[in-house]
Amino acid sequence: MVSLSFILCCVLVSSCAYATIVSHDGRAITIDGHRRVLLSGSIHYPRSTTEMWPDLIKKGKEGSLDAIETYVFWNAHEPTRRQYDFSGNLDLIRFLKTIQNEGMYGVLRIGPYVCAEWNYGGFPVWLHNMPGMEFRTTNTAFMNEMQNFTTMIVEMVKKEKLFASQGGPIILAQIENEYGNVIGSYGEAGKAYIQWCANMANSLDVGVPWIMCQQDDAPQPMLNTCNGYYCDNFSPNNPNTPKMWTENWTGWYKNWGGKDPHRTTEDVAFAVARFFQKEGTFQNYYMYHGGTNFDRTAGGPYITTTYDYDAPLDEFGNLNQPKYGHLKQLHDVLHAMEKTLTYGNISTVDFGNLVTATVYQTEEGSSCFIGNVNETSDAKINFQGTSYDVPAWSVSILPDCKTETYNTAKINTQTSVMVKKANEAENEPSTLKWSWRPENIDSVLLKGKGESTMRQLFDQKVVSNDESDYLWYMTTVNLKEQDPVLGKNMSLRINSTAHVLHAFVNGQHIGNYRVENGKFHYVFEQDAKFNPGANVITLLSITVGLPNYGAFFENFSAGITGPVFIIGRNGDETIVKDLSTHKWSYKTGLSGFENQLFSSESPSTWSAPLGSEPVVVDLLGLGKGTAWINGNNIGRYWPAFLSDIDGCSAEYHVPRSFLNSEGDNTLVLFEEIGGNPSLVNFQTIGVGSVCANVYEKNVLELSCNGKPISAIKFASFGNPGGDCGSFEKGTCEASNNAAAILTQECVGKEKCSIDVSEDKFGAAECGALAKRLAVEAIC
C-alpha cells in the first residue's frame, strides 16, 4: 500500500512539473510569468492533408512563428447529429500533436461559428432544420447544441492533455467569432447571448485564457481582440487585456469568376511592424497557409476550391516568396526585442507629416521604431543625432535605437517564380484515355419521381439537409384543352435563389441560369411548350456553397423559393397559372454520386508524376462539376466561369497522398454542363527561377527549393532598375562582374548566400543613391 501511494504521488508531481502557466496583464500574454511577444499563423487542418501537416507546421516554425492557430469545424465533425467524424484530415488531435511535436504553441478557435469562407460558416445544416431554431442568440435549442459540441471538443483536448495547463501546446482558446460585427441586429438578446458564451466557456476550466475576436464588449475574463488588415489603432476594452490581433489578413479569398486577390508583402510587413510599434504583443496571420476547399467545404456562396489567400505558404505548401522570407526577417527582429517591447517604458516623438518614432526603454537598453504613415511621401529625419531615410508607408526598426536593421518597404528576400511542368512520369501517354457514363435522369425528367412529396416549395437546405449540391423539384400539371393558359406563346417563370438552375418541361431542357455573385434572388423565364394532358416540370436547383457570414444568415434561402408560374399569352392578354401549391416531389442528389461512380476504375487512368513537387490537374476545356482522384474528392471545378484573362484558374490541387506512386491512378469527373476533356492533363509546380533585389550591407540568399541553380540570367550591383524578369542595369554599376561572381558562388548549388557589399562586388559610384544587387537565377 505504501509502495502504490508513492508511485501515484510521483506521477502527479511529474504531470504538474510540465504544466505551463498562461496568463496575461495589460501588456502581454505571460507564459510561466514572463511577458511574451507572440507571432502566430493560421493553418486549417481540413484544408490540407495529414501528410502535409508536418511540413506546413515545420515551415511555420522556420518562418519564426511561435504558434499555429486553427478553427474547429463543427459541420465537418458532426455532419449528422450525434454522429462524429475525426478521421483523416479531420483528426484534430493529431493536428494539435503535430504542432506540439514541432515545439510550437497552439491557438484553438472553437467558435463553433467560424465564418472562414467555409460552408455555412461551420454550422451543420441539421442544426438549421431543428424546430424553432435560431442561430447565435438566446435560443435554447441552439445554446444546447453549441454547448454540447464545445464541451465535447474541450473534453477531447483535455483527455489528451493538450492545454498548456496540462503540459500541452494550447495557450489560448476562442469562443464565438466576430459576433461584434452583427450583435446590433440581435438587440438585447445578442448581449445576453455573448454573456452566456463567456460564462459557458469559463465554466469549462481549460486553464488558459479565452479570447473573443471583434467583440468590443467582450465580458470579463474574455480577452477582446482585433481582426482586419490593420489593427495598430485597436484598443482593448480592459486595462488588464493586452493588445492582440487574431486575424491579420495576408490576402483574401477568391470567388468564382473573380481575380486572384493580392496583398503586397510590403503592406503586410508594414501592418505588423506598425502594430508592434503601437504596443501590440500578439499577432496572428490569417492565413499563413490557406490550402484547398476539398469536396463541398467551400462556402460563400461562390467561394472557389482554392483557398490560397496569397498567404506566406501557397495552396500547395510552397514558400510564397518574398512574403514568407520578408516576414521571417521581421519576426526575428521582433523576437530579439522581446524584453524591451514587453517591459520597456514607452515614449513617442512626432516629426510631423505622419512620421513618428517610438522608443521602448529598459534599464538594459532601448529599441526604436520609426513609422512613416504617409502613403506618398518619403521621409528624411534626424533622430537622436542620426539621419534616417524612411520610405512612404513603411516602418524602420532599430533594435538598439541606432542602426536600422529592418524596413518594411525594403525587401531583401528572393522572389520565387513558380512554373508548371507537364507530367514526366515514365511511359506516360501524351493524352488520357476516357470512358463515359451518362447520368440517368429519366425517372425525374419523364416521371417526376422523387423521394418525398409536399404541396409546397421548400428551401433546398430543408429537403437535402446539405447532403448534396443538387436537388430536383418536380411536379405534374394536367391541362385541359380548354384551359385558357394553353396556347402558342407559353413560358415557365421561376422565382429562385438557386445558384445554378436547369429547367425541363416534358423531358426537354428549356434553359439554365447562373447567377452573378451577390445577386442570388432572381426570376428565370423561358419559353416552353405545354400540351393538353399531363405535363412534367422538372427543376434542378444547384448550390455552390452555402452562406457563411451575416446576421441571421441561416435564413438566407437557397433553392426554388417560388412562386413558379406557367405563363400563357393570347394577344394582349396574359394568363398566369401559379404552381407553388401544387404537389411537388423532391429528390436529393444525382445517381452517379449515390452509386459512387467516382470510385470506379473505368474512367481515365494515368501514372503519378515523378518527384515530390506538388501536383495539379488542369481541367481546361471542361465546364462545371466535381473531380475525384482515386476516390478522393478534390472539390468543385468551374473553368467555364472565367470573368477575364485574370479570372479563375483551371488548375486544381491534387495532394500527393491521394496518388498511387506505383501503378495507375484514376480520375473521375462529373461534368454538369458539357465540355471537352481532351485538354485535361496533370502538371507539377515548382520554382522555375528566383530573383532578388537586395540592399547593400545585407545578405543575398538564393534557393531553388531543393533543385540546383543552373544559371545566372542577370546580375548587377549599383542602382539596377526593373522588376523580376525584366531587370536592367542602372546609371551606376560596380567594377567587378556581378554575374561572374554569382555564377562561381551559386551555379550547381541548391542554395547560396553572399554578402552584398563593395568588398565583394567592387566600388559603385552611385553618389547618394542606395546601392542594391539585382539578380535573376534559373533553377
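For all residues, glycine too, the Cβ spot is worked out from N, Cα and C.
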Candidate set Asn233, Asn555, annotation N-linked glycosylation site, source Swiss-Prot, matching residue
Asn555
Inter-residue Cα distance where the pair is Asn495 (N-linked glycosylation site) and Asn555 (N-linked glycosylation site), in Å:
17
Nearest-integer angstrom distance between the alpha carbons (Cα) of Glu178 (active site, proton donor) and Glu247 (active site, nucleophile):
11
Pick from Asn489, Asn495: which of these glycosylation sites has the biggest number of other Cβ atoms within 10 Å of its Cβ?
Asn495
Among Asn148, Asn345, Asn374 [glycosylation sites], residue with fewest other Cβ within 10 Å
Asn345
Enter the number of other CB atoms within 10 angstroms of the CB of Glu247 (active site, nucleophile).
24
Mean of pLDDT values spanning the domain 'SUEL-type lectin' (694-779):
94
Count the residues of the domain 'SUEL-type lectin' (694-779) that DSSP assigns to helix (H, G, I), to strand (E, B) and to coil, and report the three numbers in that order.
13 helix, 30 strand, 43 coil
The sparsest Cβ environment within 10 Å, among the glycosylation sites Asn248, Asn555, is found at Asn555
